[in-house]
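Encoded as structure tokens, the structure appears first; notes follow it.
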Ligand code: GLU
């Protein structure tokens, strides 16, 4: 396939929903797989509901997930003259007309039709009036075909047949002179050369309204692919009730963008039984042929599992970069003197197996990147007893004579203390852990000492000894 051009066209009316990201992802993968172009277009012609904050959230979400666009972001409000010009063209060709029915009249007639059990679509009252330039506020309507069928060969859903008799004469320009979604989307998809419209299947019913407009304007009709809905575990449409739905909320909860993307690609698409994909693999393997037509169910536990798997596999430098902002919030200075031996990246292999999220991982890393240690008082009371402090002191004295903290060098020192003081390893290691990290959980005790380095190890034991004697 040559010259694939696809687009993601969010309306900036709220945060970027993960369903929207799934749509963006499928477009992006399709473009990348075919060496095509991915366009980002902000559909902001609904002036009452669109906000600049929502545009920011969309751009931030797209950047965080790594779904980079090749063209745009275009804003439809920068292109209003274009839509208005096209509307005039249709008007002049008799394919559109001015409608002066007021919203109140329309509502009354709709109610009447409903009461009589008739179709509630626009009754066409202004269709043949031939209003050239209305004096009062007016909307422009498209003359939808009323006979025959509109057939869409959807790349996912197959052939969909719509009876034109049910098509309304859609408003294309509102009385405030702003185009409606169904009109501006057609013009943009055509003029931006979009070859494949890949979008959520909540838009399936818009497609037969759009196809006649492509035709009326003399444009080539793109191919359509409507993605299955995403449902919550109760099979209702995914909403906040099922957990966070904003993409940036997942960033803030410590998810890796590649894990979220991996999870989202599996909502509707599969490649055999494979669950874990790198971005590169997704690009290589993605195909609309393997997108299912039926709805997909969102499973937060599986997403968490995938996140843990990606954490285990990620490049430590990548994880370290992602951790910096989280650690900084808790007092870490990436350029300051308090650093683990070997740098932040050296801690990663010792904590990544234990963390399902970056938030958890940051917590594991904290004892190595800040001073003084934050002591869990309960753990201190339990483990840093007067009975153990002489052993800790003896250990520190002997450790200070070592030139390396390798296991081979430190083990004999520990053994000598255990033997002389009649202690079992467990009885000594846990107080030592609490002294060195301020808590009862950490990587192995040797790893802790190596990451802290000799000076910080000794200083932390010294702090504990001070606290006991003061
Ligand atoms: N702006 C529409 C929406 O956010 C997208 C329409 C489309 O993809 O055609 O739902």
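Glycine is no exception: its Cβ is also placed from the backbone N, Cα and C atoms.
According to TrEMBL, the feature domain 'Glutamyl/glutaminyl-tRNA synthetase class Ib catalytic' maps to 4-305.
Residues or ranges marked as motif ''HIGH' region' by TrEMBL: 10-20. Under 8 Å from some Cβ of the motif ''HIGH' region' (10-20) lie the Cβ atoms of residues 42-44, 46, 49-52, 54-55, 57-58, 60-62, 181, 200, 229-230, 238, 245-250, 260, 264, 298, all in the same chain and six or more residues away from its ends.
Annotation for residue 101 (Zn(2+) binding site): spatial neighbours 109, 122, 125, 126, criterion Cβ-Cβ under 8 Å with sequence separation of six or more. TrEMBL lists 99, 101, 126, 128 with the feature Zn(2+) binding site.
Within the chain, the motif ''KMSKS' region' (237-241) has long-range Cβ neighbours (under 8 A, six or more residues past its boundaries) at 18-19, 229-231, 298. Taken from TrEMBL, the feature motif ''KMSKS' region' applies to 237-241.
According to DSSP, residue 240 (ATP binding site) sits within a helical segment. TrEMBL lists 240 with the feature ATP binding site.
Per TrEMBL, domain 'Aminoacyl-tRNA synthetase class I anticodon-binding' is recorded for 319-464.
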Neighbouring C-beta atoms (10 Å sphere around the C-beta of residue 126 (Zn(2+) binding site)): 20
Pairwise CA distance, residue 99 (Zn(2+) binding site) versus residue 240 (ATP binding site), rounded so that it is a whole Å: 39
Helix, strand and coil residues within the motif ''HIGH' region' (10-20) as assigned by DSSP: 3 helix, 1 strand, 7 coil
Secondary-structure category, per DSSP, in which residue 128 (Zn(2+) binding site) falls: coil
Surrounding CB atoms that lie within 10 Å of the CB of residue 240 (ATP binding site), all protein chains: 11
Length of the line joining the Cα atoms of residue 240 (ATP binding site) and residue 128 (Zn(2+) binding site), in Å: 47
